[in-house]
Amino acid sequence: MSNQTQPAREGGSKRTAAVAVQGMAPTFPHSSGNSAGDRFDSEDAHNDQRPGWRKFMAFVGPGFLVSLAYLDPGNLETDLQAGANHRYELLWVVLIGMMFALIIQSLAANLGVTTGKHLSELCKVEYPTLVKYCLWLLAEVAVIAADIPEVIGTAFALNILFRIPLWAGVLLTGLSTLLLLGLQRYGIRKLELLIAVSVFIMAGCFFAELSYVNPPASEVMKGMFIPKLSGKGATPDAIALLGALAQPFPALRSCSLPKSSEDACRYFLIESGFALFVAFLINVAVVSVSGTVCFAENISSENADRCSDLTLNSASFLLKNVLGQSSSTIYAIALLASGQSSTITGTYAGQYIMQGFLDLKMKKWLRNLTTRCIAIIPSLVVSIIGGSSGAGRLIIIASMILSFELPFALIPLLKFSSSATKMGPHKNSTYVLVVSWILGAGIIGINIYYLSTGFVEWLIGNGLPKVANAFIGILVFPLMAVYILAVIYLTFRKDVVATFIDPTSLTWRLRPIVPSISS
């Protein structure tokens, strides 16, 4: 590019233009792309003269859609199990999980706006080829694990509404997801509204039931702010609850949603913060209702049997005090809607994962159908062999897998958003850095603790021959060591690729823009 440029023709203007003279266009750190033109587009949006509330309403939708993923069948199942098994003792996990979810979304949004790339794209350029492909496979496994509760939840809803066998409902979920994607042609905002209304109807029912059963406020607050893991199965239930709340791929969704401008980022975070707060209250209500009803002194023998093996298929009895005989129908409709909300966000997350890591693009219906078919296989097998009880346990296992997967998205996100080579002056503050790493270290520590102690306890008490236990140990212990070493590698590896370009490092000269002369 020549250093001599023709004067710009701006009628009547006496502005001063900045021109890069080193043969390269200036790069703006807040741009969603790498060109100045993208920055000017963002400035046009930033200089929008509409009232603030009208600009905010223009961006409303993605944050609530993402946050509805925290009200999906996986969350409902883990909430119900936590309350039925431990009353209010695991409410602190809900609080920490929601705090971490908000931190993940805010860090991911800041990373996306500052770098113009989402997390999978940054992982692709930062890590060696082997590590990149391993992270891609783990991300795909996380998407499939998150889709399993949606498959089973939808099958449960169809079973309640139409008495369709559970295994047949699992098969029908492959068609339902294609139908949902087809409905997006008639307006994604209308579809978002329909799903949100259905989910919040169920939320309102749980709030009404909460006021009816009236749990002791002191016990609820104690469970929310005093961490405790007592009783049989508390640790795996806490891990499953945490995995359902602090999922690994909202980072991929969140930082891809608001890449258009800083205004979009700010409004997205405001909307997500409010939506996550509402989701937190709903999760607390579900746990509290389940815990109060199942631990009531005057509980009937029928309800006691249901509480001993509480699943999404049998949970509608919790709402009978509010809804009466219609409780199962309303509950099933809301359960059906909650699964579809996560289907939409999971589809977008899967697209960004494949596109970011591999530069591959797939049509939405093909991508979603592929993921759904893989998720259907274990769901179908378990529903045939174990029935509704086995399907409920599979949801818990899938949520635990998400918790174990969390470090492989969380650690790169924390490191990239705290790196001067990636973020420049927009990197995390020391306060955010310390809080994020403390929470992250706590989650990773609980995962590693349960992996080691849980497996050892299983080996001791499984009743298998010693030779079989030795063979299983030879297979599993190296995998556990690889898991721990991979976490250590991601944590302490230094970033080597710089994506932030300081505009002050370029050579600039100021030149007045010559006003045009009227002919």
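Positions of Cβ are set from backbone N, Cα and C atoms, glycine also.
Nobody curates TrEMBL annotations by hand; they come from automatic prediction.
Residues or ranges marked as region 'Disordered' in TrEMBL: 1-48. Summarising the annotation, TrEMBL assigns compositional bias 'Basic and acidic residues' to 38-48. Here TrEMBL flags 56-71, 91-113, 134-158, 164-181, 193-213, 274-296, 369-388, 394-416, 428-450, 470-492 as transmembrane segment.
Within the chain carrying the transmembrane segment (470-492), a Cβ under 8 angstroms from the stretch's Cβ atoms is held by residues 131, 134, 404, 407-408, 411-412, 415, 444, 448, 451-452, 455, 459, 464, all 6 or more beyond its ends.
Against the transmembrane segment (134-158), the recorded stretches 91-113, 369-388, 394-416, 428-450 differ in Cβ pairs under 8 Å, and the greatest number is found for 394-416. Away from its own ends, the transmembrane segment (369-388) comes close to residues 143-144, 147-148, 150-152, 155-156, 159, 166-167, 170-171, 173-174, 177-178, 311, 313-314, 346-347, 350, 362, 394 of its chain (Cβ-Cβ under 8 Å, at least six residues beyond either end).
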